[in-house]
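*Asks:* Found this in TrEMBL, in case it helps:
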{"type": "DOMAIN", "residues": "259-503", "note": "domain 'GOST seven transmembrane'"}
{"type": "REGION", "residues": "149-188", "note": "region 'Disordered'"}
{"type": "TRANSMEM", "residues": "263-282", "note": "transmembrane segment"}
{"type": "TRANSMEM", "residues": "294-317", "note": "transmembrane segment"}
{"type": "TRANSMEM", "residues": "329-355", "note": "transmembrane segment"}
{"type": "TRANSMEM", "residues": "367-385", "note": "transmembrane segment"}
{"type": "TRANSMEM", "residues": "397-419", "note": "transmembrane segment"}
{"type": "TRANSMEM", "residues": "447-469", "note": "transmembrane segment"}
{"type": "TRANSMEM", "residues": "475-494", "note": "transmembrane segment"}
Amino acid sequence: MAVSERRGLGRGSPAEWGQRLLLLLLLGGCSGRIHWLALTGEKRADIQLNNFGFYTNGSLEVELSLLRLGLREAEEKSLLVGFSLSRVRSGRVHSYSTRDFQDCPLQKNSSSFLVLFLINTKDLQVQVRKYGEQKKLFIFPGLLPKAPSEPGLPKPQATVPRKVDGGGTSAASKPKSTPAVPQGPSGKDKELVLGLSHLNNSYNFSFHVVIGSQAEEGQYSLNFHNCNNSVPGKEHPFDITVMIREKNPDGFLSAAEMPLFKLYMVMSACFLAAGIFWVSILCRNMYSVFKIHWLMAALAFTKSISLLFHSINYYFINSQGHPIEGLAVMYYITHLLKGALLFITIALIGSGWAFIKCVLSDKEKKVFGIVISMQVLANVAYIVLQSREEGASDYVLWKEILFLVDLICCGAILFPVVWSIRHLQDASGTDGKVAVNLAKLKLFRHYYVMVICYVYFTRIIAILLQVAVPFQWQWLYQLLVEGSTLAFFVLTGYKFQPTGDNPYLQLPQEDEEDVQMEQVMTDSGFREGLSKVNKTASGRELL
């Protein structure tokens, strides 16, 4: 069983603890950059702990407070267990699912690894092996002297100076402030030896890494390996508890997240301006306004408020390491509301509701029920997922499942548009409706293309961009998503604005049902003394 949580809870009453426990499920990726992962009964051989983009003078602190292997003492002496720190390409992480089960990453001098931390349970020490010309990647024993104090976090334990093995030379004591793992002119790797404590059948140690130069900047991936579980069917459960704290010189955000505060603030202002402009259009054309138009206005304002709270959360995370709880809750409430409104609005426009018909068909109602329920579930589950650590056993699986569910929702909302297009194609040959139906058919085809482009840009092309750009430019992913959403909102408003010459709002004076009803009433004599009722272009009845 795996248990993972983000620590940020202090002391308080039971009611306060309940509130904060709820916040753990809501705070998601904005809950700070101090990670606390506790796994019990874990059997994986490789655990991807975390990824972070570091600038010069950025630091990574790791405290393994508990490692219980659950084996006999003789078996523990021959184990290959430890951490690996590697610099990965933007948007990618190491995958160990396809490697040979006999392969142990801790046994290979792979160029993909910068540093290996090999836990030697026999000699109670941790050997640090460094590969490549990483002269300014400094490794120190223990945690940083002035670690940020967070309520509920365990205090760093005092560490003693460790001996450094100079590759066969005599060992000497090194103070904590001396850079570890120096490399000589020959370029040969040298090792730093850390002390490993053994208490109550568990092991613990800590270290921190400092990015010393611009050449060492990049996106780093930290992983844990237990090569004893590499052979399928012979896994042994183990327990591990680890704390990870990451920080850049300008704050707690990763390199790719630093511009997000300004980006979300600017986009919030853009959506607010678009919403105000849309309301002004509605006020000038009140006789052509339908309920769906006001729903579109509500969506624009909800999106603006959601981005505003998101921007403020990033500001406080960068400055304090954690968000303001009330603002974080407000962001996720508006995020859920925005997601539901977005798909409801797209589907309603595509089905022609409130414009050309007031009642949805049975199959349209089924699509609406599926899309809305799945989208709400996807948003709630994604928020809950983000409260878990990357190293949780089901983290990657649930993330892929939720991404697939979101794509299914995006595909499902196309069905009402396709059905409307087919309906207009069938009705285009009816006498007296050819011109209007052809104009509507052209408009629906344009809307279909717009929805397709919106889905591809925000779900597929944006992810490809995130993989392609350097680590410090990965915020372009969010820029593309928000920019595409704004463009989609503007184009949708332009296509379906409440103006008299909009073919979407031009209803026929009398449809087939009206003609049939008129004939029945005339033949039966019920029309005597009744005046004729006509419909305007806006769909309202005039006497």
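Just so you know, glycine gets a Cβ as well, placed from its N, Cα and C.
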*Asks:* Determine which residues of the chain contact the transmembrane segment (294-317) at the Cβ level, with the cut-off under 8 Å and only residues 6 or more beyond its ends counted.
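*Replies:* Same-chain contacts beyond the ends: 30, 32-33, 251-253, 257, 260-265, 267-269, 271-272, 274-275, 278-279, 282, 323-324, 327-328, 330-331, 334-335, 337-338, 341-342, 344-345, 348, 482, 485, 489, 492-493, 496.
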*Asks:* Using a Cβ distance cut-off of under 8 Å, indicate which of 263-282, 329-355, 397-419 has the most pairs with the transmembrane segment (447-469).
*Replies:* 397-419
*Asks:* Could you give the residue numbers and ranges of same-chain residues that sit at least 6 residues beyond the transmembrane segment (329-355) on either side and whose C-beta is under 8 angstroms from one of its C-beta atoms?
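*Replies:* Contacts with the transmembrane segment (329-355): 23, 26, 28, 30, 290-292, 295-296, 298-299, 302-303, 305-306, 309-310, 312-313, 364, 367-368, 371-372, 375-376, 378-380, 383, 409, 413-414, 416-417, 419-420, 444, 447-448, 451, 492, 496, 504-505, 539.
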